[in-house]
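One structure is given here, and the rest of the page talks about it.
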């Protein structure tokens, strides 16, 4: 893609066309990632070892932290890059992209050193026992060695999307996932590396995506540069990267913590309740990913318009994205509510699981409206470089669910647990709306 074409989509294309140009590849890329998560679990299940499956559950916080670091630089760096692109500040755009990339590499190398040096300690910290310790430590070693590629992949994918190359961004995601799926059974079964093979496949998939993105950047002759000569430790630039990126990193970490808390309270009411939650979350994830693909896809459009001080275009992008988001979520929610019993029976034939699953699904589908709204508002703040409200939004979404769970469990039992996520998302969304309205009045 030429620079002229990229600038057309970011600056000049009709707003609706620009939104879908940026959003559809993002939706497809996230859908492919969801397929990968399912197939990865499938291959690990083929080991016929419950300890291996348990180990993967324990490893979720470790993998999330590395992903969160990638999002720290990806979100913080790409939104800054897009704003500077809107300002037509060529020198600063080059500095922002180079600084973002090399900071990601540095943090990736630090993650490798820590992971390899303290793999056993980390395994114990995340809860490994004598049954799972060997699996967890092996995965940490393989995955930790590839940390620079994992973090760089998340970072470059967002940087490239920040310049309008939405299709190239999606292709990199697909390359990573497809290669991962192909290599999983080879490393796990042919080379007998067990879940260490799954980690190695993931690292190689991320490495391939990084190579693809670097080739795209070198060939396109665009304003992204990875040259170390543009790397800077200028405090203003680092502050902008970290203040906005921290909100994305914080949300990743807090959502994992709240998810673990959610499981803790749900299991108190029996395995069938936990199973119902698990099925509902998988189904609602489809709605959430479609919404996420839309509002994450348009962040560069908002950032460029903000940098160019084109408030008319920026407000039109936000307004139309909100409308499209509402229509998409409404359509998906309607379909799932209409066929909720049929869909849940695909996963379980247990009458108790089906009954509680239908109830939980209805509540969580309602919460998806607030989740979409909160996600869009957070994306707007990130695009505009407003780190403080973005961080507050992330805190609200990740932390409020914890007291909501505690209070709900104490006073309303299972109903309180079911509604806790809806309450948390609603409060976060309304808080973000207050911030947004206040910002409009300034």
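Think of each number as a place in line: the chain as shown, counted from 1.
Placement of Cβ uses the backbone N, Cα and C atoms for every residue, glycine included.
Just so you know, TrEMBL annotations are computer predictions that nobody has curated.
Among the features that TrEMBL reports, transmembrane segment is placed at 18-38 (among others).
Under the heading transmembrane segment, TrEMBL lists 58-81 (among others). Same-chain residues lying 6+ beyond the ends of the transmembrane segment (58-81) with a Cβ under 8 Å from its Cβ atoms: 93, 96-97, 99-101, 103-104, 107-108, 111, 122, 126-128, 132, 136, 139-140, 143, 147, 150-159, 161-163, 224, 237, 240-250, 252-253, 256, 299-300, 303, 382-383, 385.
For the transmembrane segment (101-126), the residues of the chain that approach it from at least six positions outside its boundaries are 58-59, 61-62, 66, 69-70, 72-74, 77, 133, 136-137, 140-141, 143-152, 154-156, 159, 226, 228, 231, 238, 241, judged by C-beta separation under 8 angstroms. Annotation comment: TrEMBL describes 101-126 (among others) as transmembrane segment.
Under the heading transmembrane segment, TrEMBL lists 138-156 (among others).
Annotation source TrEMBL lists transmembrane segment at 168-189 (among others). Through the fold, the transmembrane segment (168-189) approaches residues 1, 25-26, 28-30, 32-33, 35-36, 39-40, 43-44, 46-47, 153, 156-158, 160-161, 195-198, 200-202, 204-206, 208-209, 212-213, 216 of its own chain, all at least 6 residues removed from its boundaries and within a Cβ separation under 8 Å.
Residues annotated as transmembrane segment in TrEMBL: 195-215 (among others).
Annotated transmembrane segment per TrEMBL: 241-266 (among others), in sequence order. With a threshold of 8 Å between CB atoms, the same-chain residues lying at least 6 positions outside the transmembrane segment (241-266) that come near it are 60-61, 64-65, 67-69, 71-77, 79-80, 96, 99-100, 103, 273-274, 277, 378, 381-382, 385-388, 390-391, 393-395, 397-399, 401-402, 405, 409, 417, 420-421, 424.
The transmembrane segment annotation in TrEMBL covers 286-309 (among others).
Residues or ranges marked as transmembrane segment in TrEMBL: 321-339 (among others).
Through the fold, the transmembrane segment (359-378) approaches residues 247, 251, 276-277, 279-281, 283-284, 287-288, 291-292, 295-296, 318, 321-322, 325-326, 329-330, 333, 336-337, 340, 344, 390, 393-394, 396-397, 418-419, 421-422, 425-426, 428-429, 432-433, 435-436 of its own chain, all at least 6 residues removed from its boundaries and within a Cβ separation under 8 Å. What TrEMBL lists as transmembrane segment is 359-378 (among others).
Annotation source TrEMBL lists transmembrane segment at 390-412 (among others).
Residues of the same chain lying 6 or more positions beyond the ends of the transmembrane segment (418-437) and with a Cβ under 8 Å from any Cβ of it are 258, 262, 359-360, 363-364, 366-367, 370-371, 373-374, 377-378, 380-381, 389, 392-393, 396-397, 400-401, 404-405, 408, 412. Summarising the annotation, TrEMBL assigns transmembrane segment to 418-437 (among others).
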